Amino acid sequence: MEPGGARLRLQRTEGLGGERERQPCGDGNTETHRAPDLVQWTRHMEAVKAQLLEQAQGQLRELLDRAMREAIQSYPSQDKPLPPPPPGSLSRTQEPSLGKQKVFIIRKSLLDELMEVQHFRTIYHMFIAGLCVFIISTLAIDFIDEGRLLLEFDLLIFSFGQLPLALVTWVPMFLSTLLAPYQALRLWARGTWTQATGLGCALLAAHAVVLCALPVHVAVEHQLPPASRCVLVFEQVRFLMKSYSFLREAVPGTLRARRGEGIQAPSFSSYLYFLFCPTLIYRETYPRTPYVRWNYVAKNFAQALGCVLYACFILGRLCVPVFANMSREPFSTRALVLSILHATLPGIFMLLLIFFAFLHCWLNAFAEMLRFGDRMFYRDWWNSTSFSNYYRTWNVVVHDWLYSYVYQDGLRLLGARARGVAMLGVFLVSAVAHEYIFCFVLGFFYPVMLILFLVIGGMLNFMMHDQRTGPAWNVLMWTMLFLGQGIQVSLYCQEWYARRHCPLPQATFWGLVTPRSWSCHT
């Protein structure tokens, strides 16, 4: 195609030159000399184009070969490949990807790629401008009301109160996670079967007690504020999920090693690295970047801190003035509906800030410090046209764990036809975990998240499936997100202040689990 096109262009050029030579004009000699120069320049550009295409093709081939090598190396060496599926097994009622495993490759986070586009960076700058507006409005209101220009961080100081106690509590949680699962695995690999099973199970039981009971006891006994409780509960859930992944991935290879199949047990250094790297799927090795960009680490930590300040300003200016005295007014459906609609804007802001601060900034900072190559912690969930796609792309780190150890293992136990049951199991585990986190952080039980996630979210997952495409479905998904966040912020804020305005004269079980905002209207 190229040589023929080049000859055709050259013939047209020469034809044009010939016509110009025959034209009776005064500068005919000039046109005669310019035609060979034009032909030579065209030939030179064709040669340059061919050279550039050849170089690009070679570089692309090298990149693809390297990606294939890294993908092959990222497969766990201690596991045998899964047998091929029997003929006819890939039906509509069965799961074709039963043996699919997480493959780690070097790739950047999606927002880092989008930040290279000036148009998207402008949206980022708009959010920074919004933070500046909150700061200016806070200073202006304080100056008008009290005659001083001083930013107060009372809400931030209260939320992170007793943080050193939470960090001290983290130490035994970490040591338990570091030592108990690995030592149990070593016992199963080397000791006699009866003795190893008993000691290993005892170690894991002690590990579970430390992780489950210690943070709850510290939070209740010392009445930790919400942000300090967040540190404990997130680390508690993270350590439990990482411990399970390590044992789930390493135990099959360890049992085969006992039978003399020559499979080595996981190294302690790989397990230690796994406890800090931003993934919940254990592998002996991960793709690594060649060096650490410390300016990138500092930038992400600074952005995470900015998101925390942003959230404090949103709560202090848009939520506290509205809900602080709501429980002291008579209940009305109109006030409840208006409070939910008022909370949609701060609710969606909080959702975006949590996403950006944790899933992008925090995880990327730790990934960069540990040279962890695979930065796909999320995908383009904002473009989702179905809730099933939203749940898969919002938090890829947790989704990979649920898909590998709840959904796929559920299919292995129940059969490939039980896709619906396995999916309901994923929703149940995720909803209970989210409700437990909210209960731990806020200090009371109010199953708003459980109902929204398990009931409403489960229904929307089956109703708004992947076959729903088009802009209208994306608008509908965002509308449901706005309303859901408004319901959560409104109801949880009302319950928070109701429990402070109407304390129980005597603590009872039903008094602790019954929402106080339903009856506290003084």
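Backbone N, Cα and C atoms are what each Cβ position is placed from, and that goes for glycine too.
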Recorded membrane side (Swiss-Prot) equal for R190 and L338: no
Residue carrying cysteine sulfenic acid (-SOH) as stated in Swiss-Prot, selected out of C277, C502: C277
Cβ packing number for S430 (acyl-CoA binding site), 10 Å threshold: 19
Cβ within 8 Å of the mean position of the Cβ atoms of N389, R392, N395, H399, Y407, S430: remaining residues of the chain near acyl-CoA: Y391, T393, W394, V396, V398, L402, Y403, V426
Rounded inter-Cα distance in Å - Y407 (acyl-CoA binding site), C277 (ubiquitin cross-link): 23
Greatest inter-residue Cα distance in Å for the acyl-CoA-binding set N389, R392, N395, H399, Y407, S430: 16
Close approaches to the transmembrane segment (121-142) from elsewhere in its chain (Cβ under 8 angstroms; 6 or more beyond its ends): 115, 148-152, 306, 309-310, 313-314, 316-317
